[in-house]
Amino acid sequence: MTARQSTQAEEIARVNVRGRCRIAECGEVSKTSIFVPQWLPNAIPQSESGFASCERFAPTGVNGSTDFCPSNLFFDDVVECEAFVYARDNSVVYDFDLGCDEWMRALAGTLNSIGTLLVLPVTGYISDRFGRRIALIISIFNLSLFGLIRAFSINYPMYLAFQLIQTSLGAGTFSSAYIFAAEFVGPKYRVLTSATCTAMYSVGQVTLGSIAWLVQPWRTLIMVLHIPCFFTVSYYWILSESVRWLLSKQRFDDAKIVLERVAKTNKKVISESSMNGLLTPPAPPEDEKEKKEGLFKTVFKSRILLRRVCTTPIWWITTTFVYYGLSINSASLSDTLYLNYIMTCAVEIPGFYTAVLILDRVGRKPTLSGGFFFSAVCNIAFVFIPTNLTILRLIVFLLGKFGISVVFTSLYLYTSELYPTQYRHSLLAFSSMIGRIGSITAPLTPVLMVFWPGIPSLLFAAMGILSGLLVLTQPETLGTKMPNTLAEAEALGTTKCKLGNI
């Protein structure tokens, strides 16, 4: 489970809260009053969802009671609510009496995205400096600890503070786990591993949606989600460190122990010549200079690497923008919010494994650019389909989500394959960090529908087309080994780049 998944599940519980104005003139004195009394239409104007949530009719100054409150106690003028009554008494909105403070209710999601943006470069540094296993365990522990503390928030500022702290210190869990898994396999299983990692993300979201449906009290929900995470701290003693990371740090004795353990588990034998080949450091002069100069100087001195560092973040911005934007704009797919969330998450899984079927057959570039273009076409088509063709609109919408899901799987893999081992997690984290711009701006897209309903879909399409074209500027990595050095990374797409064993 990641911090974003946890927050999405809580968002279901937070959003699915119906509230209305408290009518003091009718004898209501608390937010636990009967939610739908018989006289309610006399005091609150009607809306498409039944009745207004943030408005009421102005009082005349004459009071009624909870049993009798006729319409002549109110003017036809509409005023904003001063206090609220809630349908549920087990939500964040109820406990902290947020009512119609929409910006306060949305602030938790904004802080989640900001925290995710802040944590990625830090997690990348820890992973590249101290090891993949250390970065993973630290992220999981922080995710669990601060998430659990948030369940005991006594006010909304405390809730928001721990929302930011949790994601700022624990939201690197998924990227840490992904890099860890990707570096343990060779080219033959790299695509399947990538798809499985991202598919498990969606399986987790479906599971969380189901749990949130069953466990609706928000404090209990947070505890149910986070307490089991503490058990994964035991992975520190179960998992071995990444061999690629050990080799990049020239810890050859430790790498040999891990390789021998892997061979024994798989009932294989590594020949002495193969072992010596794996454990022989390349150490060319360029690499020594690269290490001394550090990441920033290395990036700016390598025109090839600089172009990639400027290009991959745009892919990530587009992917998060379209991916989360489609999820946010899918509210009309179902009358049940929990079911709607589960459906939009479940449709991603076929997209992830479709990437498995085509990445190793047609290549990374055609898959990634094709996914961007396909999603863009679906978004454009969605704009011009009449609203009365509900089933067709639903199919096209889900196909658009399917297309960006193919991109989601391919993006992690392709970005990882473009960068050398020494800086892989740092540069992947940088791309993902900049990509948070997409997830931060995606919630704003429904507001644009006030001007024209098709604006969000056209924005998704335009970004998809741009990123699809930018993918075509980078080298194909199908059939190549993950580059360990800067020279190998720069050689991608040239005749110098040969298929390796790891």
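For all residues, glycine too, the Cβ spot is worked out from N, Cα and C.
Here is what TrEMBL records for this protein:
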DOMAIN    56-479  domain 'Major facilitator superfamily (MFS) profile'
TRANSMEM  134-152  transmembrane segment
TRANSMEM  158-180  transmembrane segment
TRANSMEM  192-215  transmembrane segment
TRANSMEM  221-239  transmembrane segment
TRANSMEM  305-326  transmembrane segment
TRANSMEM  338-359  transmembrane segment
TRANSMEM  366-385  transmembrane segment
TRANSMEM  391-414  transmembrane segment
TRANSMEM  426-444  transmembrane segment
TRANSMEM  450-472  transmembrane segment
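Comparison of 134-152, 305-326, 338-359, 366-385, 426-444 by number of C-beta pairs under 8 angstroms to the transmembrane segment (192-215) places 338-359 first.
Contacts between the transmembrane segment (134-152) and the transmembrane segment (221-239): present, as 3 or more C-beta pairs lie under 8 angstroms, all at sequence separation of six or more. Long-range neighbours of the transmembrane segment (391-414) within the same chain, counting only residues 6 or more positions beyond its ends whose Cβ lies under 8 Å from a Cβ of the stretch, are 178, 182, 190-191, 194-195, 197-199, 202, 315-316, 319, 322-323, 326-327, 330, 333, 344, 347-352, 354-356, 359, 364-365, 367-368, 370-372, 374-375, 378-379, 381-382, 385, 428, 460, 464, 474, 477.
For the transmembrane segment (426-444), the neighbouring stretch richest in Cβ pairs under 8 Å, chosen from 221-239, 305-326, 366-385, 450-472, is 305-326. For the domain 'Major facilitator superfamily (MFS) profile' (56-479), the model gives a mean pLDDT of 83.
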